[in-house]
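Undergrad: One structure, pasted below without further comment.
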Amino acid sequence: MNKKTLKDLNVENKRVLVRVDFNVPIKEGIITDTNRIEASLTTIKYLIDNNAKVILMSHLGRPKGEPKPEFSLKPVAQKLSEMIGQDVKFIDSDKVVDDSVIEESKKLQPKEIMLIQNTRFRKEEEKNDQTFSKELSQLADLYVNDAFGTSHRAHASNVGVSKFLPSAVGFLVQKEIEIMGKALENPERPFTAILGGAKVSDKIGVIENLLDKVDTILIGGAMAFTFIKSQGKNVGKSLIEEDKLDLAKSLLEKAQEKGVKIFLPVDFVVAKEMTEESDSKVINIDDFTDDIAGFDIGTKTIKIFDEEIQKSKTIVWNGPMGVFEIEQFSKGTFEIANSLVKSKAITIVGGGDSASAIAKSGNKDKVTHVSTGGGASLEFLEGKVLPGIDCIDER
């Protein structure tokens with residue numbers, strides 16, 4: 001990796017400003033999922049162990065550029081204190097950063113931690129405003145980006161601030177880039193991509209980029225119906241993107257030209273309605289009637305996908321196989337998760353829904369890597385440059 005990493009910086013006695021991703025779900029003041037906080041602990045602990053003065057910043061939710069108490073990071077400071085076993089000073093300012101906040105950063109002693117208020121309380125954050133970036137930079141001597149999940153966005157707290165301070169990536173971002181980068185650039189083969197989710201339009205860039213890299217693509221989720229319909233088959237009232245039929249057809253043709261095997265589902269779990277109560281059954285792809293829709297891949301498809309997964313040496317999975325939030329349409333997604341774990345391959349799970357699914361299936365610790373970025377991991381798989389990483393100092 002050609003970017004500076006945390007270990008390239010001398011952090012002793014320095015104020016280090018770290019962009020973390022503490023965008024966690026909070027219900028009635030209680031954090032319901034601490035994964036993103038956990039993901040940042042390696043970097044924070046390293047800084048404490050090396051006598052740095054630690055200043056943390058993050059966004060939370062979408063307060064639309066103004067202070068809103070329900071989006072305060074105060075509960076996060078309390079939870080982080082518990083998790084790390086030491087006090088985290090929460091500096092609550094509606095302006096996020098002002099003279100008093102800068103003063104607090106100057107009072108910090110080595111090994112102490114402070115967390116500033118939600119960066120999105122300022123509308124300048126999402127505009128990557130130069131003045132706000134400069135204000136943030138006055139909190140510290142060094143800047144570290146450890147928020148992979150926001151690295152596909154160019155905001156003040158992850159891109160703007162890097163123009164004013166020496167910078168590096170933290171351990172979480174480093175791990176994301178190294179693991180996913182190796183999979184894309186130098187994979188052990190056979191290399192299989194499993195793609196799901198509702199829309200082809202969300203995954204076009206990923207498919208186009210992966211056609212030059214993978215040996216096999218397994219397509220599930222509702223996006224499969226657009227591909228199947230592009231071959232002239234009836235899919236009942238299943239979700240399709242009419243304006244993407246020609247594109248789906250051309251992607252299948254491109255795959256054939258490049259010698260990439262694409263597997264589409266051969267059977268589906270179908271029902272008249274997408275509810276827990278609706279009667280569901282498994283049908284073959286040729287047996288669709290106009291009054292039903294597919295909401296999960298069927299048992300034959302699971303078996304075919306599993307056989308391909310077991311042959312693979314590298315696997316990237318992004319997007320669920322069905323509506324896994326509803327129990328009767330969740331089997332495909334959870335069986336694929338189990339199949340990944342059973343394989344002897346390097347297994348990388350993209351962020352967002354796939355990360356939730358792997359966690360829900362109890363297999364989070366049994367795959368090689370679960371990405372912390374939904375949109376960021378998608379854009380990385382598309383081969384796009386991520387601004388939050390691009391701006392970091394070169395080694």
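Using the three backbone atoms N, Cα and C, a Cβ is placed for every residue, glycine included.
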Undergrad: According to Swiss-Prot, ASP21, PHE22, ASN23, ARG36, HIS59, LEU60, GLY61, ARG62, ARG153 bind substrate; which one of ARG120, ARG122, ARG189 is annotated to that same site?
TA: ARG120
Undergrad: Cα of ASP21 (substrate binding site) to Cα of LYS203 (ATP binding site): how many Å, rounded?
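TA: Counting only the Cα atoms, the answer is 24 Å.
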Undergrad: Just the number: how many Å between the Cα atoms of ASP353 (ATP binding site) and ASN23 (substrate binding site)?
TA: 15
Undergrad: By a 10 A CB contact count over all chains shown, which of the binding-site residues listed here is most packed: ASP21, GLU325?
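TA: Answer by Cβ density within 10 Å: ASP21.
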Undergrad: Using the Cβ centroid of ASP21, PHE22, ASN23, ARG36, HIS59, LEU60, GLY61, ARG62, ARG120, ARG153 as the reference point for the substrate site, which residues of the same chain not in that list have Cβ within 8 Å?
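TA: Filtered neighbour residues, in order: SER58, ASN118, THR150.
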Undergrad: Whole-number Å distance between the CA of GLY294 (ATP binding site) and the CA of ARG120 (substrate binding site)?
TA: 39
